[in-house]
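Just below is one structure, and these are the notes that go with it.
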Amino acid sequence: MEKLTILLLVAAVLMSTQALPQGGGENRLKENIKFLLKRKTAADRGMWGDCDDWLAACTTPSQCCTEVCDGFCRLWE
């Protein structure tokens with residue numbers, strides 16, 4: 001009876017150690033995919049960050065890195 005109990009405990013430990021990496025691995029993979037999809041290239045971000053460089057089409061000044069919008073982002077007013 002003791003051998004059966006020990007065998008069951010060993011089996012339970014082995015199964016639990018196998019289940020942990022598999023369950024966490026799926027979530028980590030999904031998180032990595034979401035992170036990579038959200039990343040922007042330097043060209044998408046603009047030269048100065050998350051704004052549009054000059055000569056990009058705009059509707060509001062906040063879209064432009066220079067905060068100057070006249071249908072297109074401008075370097076100065």
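Glycine is treated like the rest: Cβ placed from N, Cα and C.
For C73, the partner cysteine in a disulfide bond according to Swiss-Prot, taken from C64, C65, is C64. Candidates considered were C51, C69; Swiss-Prot assigns the disulfide partner of C58 as C69. Spatially close to C58 (disulfide bond) yet at least six residues away along the chain are D52, C64, C69, G71, F72, C73, judged by Cβ distances under 8 angstroms.
For the disulfide-bonded residues given as C64, C65, the lowest number of other CB atoms within 10 Å of the residue's CB is seen at C65.
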